[in-house]
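These features come from TrEMBL:
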- 242-305: domain 'MIR' (DOMAIN)
- 316-373: domain 'MIR' (DOMAIN)
- 377-437: domain 'MIR' (DOMAIN)
- 14-34: transmembrane segment (TRANSMEM)
- 46-66: transmembrane segment (TRANSMEM)
- 72-93: transmembrane segment (TRANSMEM)
- 100-120: transmembrane segment (TRANSMEM)
- 132-149: transmembrane segment (TRANSMEM)
- 154-172: transmembrane segment (TRANSMEM)
- 192-213: transmembrane segment (TRANSMEM)
- 517-537: transmembrane segment (TRANSMEM)
- 557-578: transmembrane segment (TRANSMEM)
- 585-605: transmembrane segment (TRANSMEM)
Amino acid sequence: MKRIFFLDDSGPPFGHMVLALGGYLGGFDGHFLWNRIGAEYSSNVPVWSLRLLPALAGALSVPMAYQIVLELHFSHCAAMGAALLMLIENALITQSRLMLLESVLIFFNLLAVLSYLKFFNCQKHSPFSLSWWFWLTLTGVACSCAVGIKYMGMFTYVLMLAVAAVHAWHLIGDQTLSNVCVFCHLLARAVALLVIPVVLYLLFFYVHLILLFRSGPHDQIMSSAFQASLEGGLARITQGQPLEVAFGSQVTLRNVFGKPVPCWLHSHQDTYPMIYENGRGSSHQQQVTCYPFKDVNNWWIVKDPGRHQLVVSSPPRPVRHGDMVQLVHGMTTRSLNTHDVAAPLSPHSQEVSCYIDYNISMPAQNLWRLEIVNRGSDTDVWKTILSEVRFVHVNTSAVLKLSGAHLPDWGYRQLEIVGEKLSRGYHESMVWNVEEHRYGASQEQRERERELHSPAQVDVSRNLSFMARFLELQWKMLVLRSDDSEHKYSSSPLEWVTLDTNIAYWLHPRTSAQIHLLGNIVIWISGSLALAIYALLSLWYLLRQRRNVHDLPQDAWLRWVLAGALCAGGWAVNYLPFFLMEKTLFLYHYLPALTFQILLLPVVLQHISDHLCRSQLQRSVFSALVVAWYSSACHVSHTLRPLTYGDKSLSPHELKALRWKDSWDILIRKH
C-alpha cells in the first residue's frame with residue numbers, strides 16, 4: 001500500500017496483491033504497523049475490506065465442491081454432502097474469516113480441478129467449442145493463480161499436468177482422430193496449461209515490481225543493481241556515478257553472495273594479532289574484513305600497477321577483463337595483499353591484509369587480476385553495479401573470498417576475508433560488484449579523504465530489465481529462509497492427520513473470548529478413513545482384474561479412478577511433500593490437502609452404497625448411518641463455534657468442556 005519494496009519467504013506476490021486490493025477498495029492508506037499479533041486495529045484500517053476477498057474465496061469453495069463432485073458424475077446427494085462438509089469444517093471457516101491466504105489458495109486449487117473436469121467432459125461431445133476453450137484456458141489461469149498465491153499451489157498444478165498428460169496419452173492412441181487433429185489437441189493443451197500459466201506468473205511479478213518502486217528495509221538482501229533500480233535508498237546514493245571503472249577510480253566493493261549478511265570490503269588501522277588464541281601466528285598486517293554497514297573505510301582506489309598516480313587520467317583509461325590492478329585502501333593508502341599465511345579463522349585459506357612495510361623478509365604481494373564473471377566477451381569493461389567480478393591473486397592464484405565467519409573482538413566481530421585457492425571451485429562468495437563509484441581527482445591524501453565524502457557528478461542510467469529483476473527476485477524468494485526456530489504452535493505433518501495440534505489465533509485482552517484454528521475431528525478422522533478405504537478397494541479391484549474378474553462396469557471403474565486421481569492424488573501431492581521440508585510448519589499447511597479429503601469422502605460413501613451394499617436393507621441401514629455421521633459432524637462444528645468465531649465469552653466450565661481431547665488423554669493414561 002505504501003509502494004515500498006519488500007521480500008519474504010511466503011511466496012510469489014499475487015496473494016499479497018489480493019489482500020492489498022481489498023485494502024485499496026476500502027481506502028486503506030497503509031499506515032499501520034503490523035508487528036504484533038493481537039494488536040488493536042486503528043481507525044484507518046478497513047478490516048472488513050481486507051478480510052473480504054479471503055472470505056469470499058472461502059465461501060465460493062462450497063459451491064465449487066458441489067460442482068466438482070457432480071462433474072465426476074456422482075449423485076446430487078453426494079455433491080450436497082461434499083458442499084456441506086466444506087461449509088461446516090471449522091478450520092476452513094476460521095482461516096477464511098481472517099486476512100490469510102489459505103482460503104484464496106484453496107479457491108484456485110478447486111477452480112483448477114473444476115475447470116479441468118468441465119473441459120474433460122466437453123472433450124467427449126464438443127471439442128474445440130467455445131466452452132471447451134474457455135474451461136481449458138481457465139484451468140491454466142487457475143493453476144497460475146494458485147502458484148502465484150503460494151508455492152504450495154505448485155502441488156495442485158503438477159497434479160493437473162499429470163492428469164492432463166495421461167488423458168493426452170490416451171488421445172494420441174485414439175485411431176479415430178487424424179494426425180492433424182491430435183497435434184491440435186496437444187498444442188491447445190500446451191498453450192493453455194504451460195504457456196498461459198508462465199505468462200500470467202510473469203505478469204504477477206511485473207505488476208508487483210511496478211507497484212513497489214520505492215526503497216525499503218529489505219533492499220540490502222538484493223543486488224546493488226536491483227537496489228539502484230528502486231526510488232530512494234541506493235538509487236539516491238549512486239545517482240550520477242560514472243558507469244565505467246577506470247584506473248584511479250574510487251569504489252566500494254559489495255560481496256554478491258551477501259551471506260550471512262550483505263557487506264562491503266573494508267579495512268581499518270588495526271592489525272591482526274601477533275598470536276591468535278589457538279597459538280598460531282599472523283603476519284601482523286592491517287586487517288581486511290567485510291563490513292555490513294556503509295562506512296568511509298569501505299572505499300578503495302583502483303590503481304594501475306605501472307603508475308604511481310591515484311587519480312583518473314584524462315581521458316579515463318577503463319579497466320578491462322584480465323587487467324592487473326592494485327586495490328589501495330582509500331583512508332590508509334595501503335594496498336590489498338595476500339600471502340602464504342593462514343587466515344585467522346580459516347586455516348586452510350590465506351590471510352588477506354593491507355600491506356605494511358616492516359622492513360622484514362615479507363615482500364608485498366599486492367597484484368590482482370580482474371576477472372569479469374558475467375562478461376559478454378574478453379574485451380569487456382568493468383562497469384559500476386552491473387559487472388560481477390572476482391580478484392585473482394597473481395602470485396598465489398588465490399581468489400578474494402568472503403568466508404562468512406565472524407572475527408573475534410579484536411576484529412570488531414566483522415566478517416573474515418580470505419584468499420581461497422582457485423582449484424577449490426567457484427562460489428558466489430568470491431564475486432564482488434562496484435556499488436559506489438567516483439573518478440578520483442586528488443593526488444594528495446588530505447584532499448582525497450575530503451573527496452571520498454563528496455557526491456559524484458556524472459549521470460549514468462543503469463535500469464535493470466524486467467527479466468533481470470524477476471530472475472533475481474524469484475531466486476531470492478526460493479532461497480530466502482525465515483527464522484526456523486521452534487514456534488509454540490508449530491507442528492509436524494503426522495500431527496495434522498490426527499488433529500493433534502491447533503493454533504491460538506486471537507485471545508480477547510479482557511474476556512475469555514478466543515479464536516483457534518481447530519478442525520472438526522469427525523471430518524478429519526473420517527477423511528483419513530476414506531483415504532484408507534479408497535486405497536484398499538482400489539488394490540482389491542486391481543487384484544481381481546488381474547484374475548479377469550471385473551467387479552465394476554467400465555464406466556464406473558473409470559469414474560472411480562478419475563475421482564481417486566484428483567481427490568486422493570490431490571491429498572497426496574498437497575500433504576506428502578511436507579515430510580521433506582525443513583521449514584517451520586503449522587496446521588494451516590494441511591488445509592489444501594484436507595479439501596481434497598473432503599471431496600473424496602462422499603465419493604467413497606456413494607461407492608459403498610451403490611456397489612458394496614447388495615440389498616435394499618443394507619442400503620437403508622448404511623444411509624441411516626451416513627445421516628447419523630453427518631449429524632455428528634454438524635454437532636461438533638456447532639460445539640466448536642465459539643472458538644471458530646470468537647464472538648462469545650466462555651466460562652471456565654465451557655472452556656474445560658471444549659478440551660475434550662485433554663480429558664480423553666487423561667482417561668487413557670488412567671487405564
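Each residue, glycine too, has its Cβ placed from N, Cα and C.
Just so you know, TrEMBL annotations never went through curation; they're auto-generated.
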*Can you name the far-off residues of the same chain, 6+ from the ends of the transmembrane segment (557-578), with a Cβ under 8 Å from a Cβ of it?*
68, 72-74, 109, 113, 117, 152, 155-156, 158-159, 162-163, 166, 493, 496, 531, 534-535, 538, 541, 550, 585, 589-590, 592-597, 599-600, 603, 607
*Which of 72-93, 192-213, 585-605 contacts the transmembrane segment (132-149) most, counting Cβ pairs under 8 Å*: 192-213
*Flag the pair the transmembrane segment (192-213) / the transmembrane segment (14-34) as in contact if three or more Cβ pairs fall under 8 Å (sequence separation 6 or more).*
yes
*Positions whose Cβ lies under 8 angstroms from the transmembrane segment (100-120), at least six residues beyond its ends*: 10, 15, 18-19, 53-55, 57-58, 60-61, 64-65, 67-68, 71-72, 92, 131-132, 135-136, 138-139, 142-143, 145-146, 149-150, 152-153, 156-157, 160, 163-164, 167, 566, 570, 574, 588, 591-592, 595
*What residues in the same chain, six or more past the boundaries of the transmembrane segment (14-34), come closer than 8 Å to it by Cβ-Cβ distance?*
1-2, 41-42, 44-46, 48-54, 99, 101, 104-105, 145, 148-150, 204, 207-208, 211
*Counting each residue once, how many in the domain 'MIR' (242-305) are helix, strand and coil under DSSP?*
3 helix, 30 strand, 31 coil
*If you count Cβ pairs under 8 Å, which stretch among 72-93, 154-172, 517-537 touches the transmembrane segment (46-66) the most?*
72-93
*DSSP says what for the domain 'MIR' (316-373): how many helix, strand, coil residues?*
0 helix, 26 strand, 32 coil
*Per DSSP, how many helix, strand and coil residues does the domain 'MIR' (377-437) have?*
9 helix, 29 strand, 23 coil
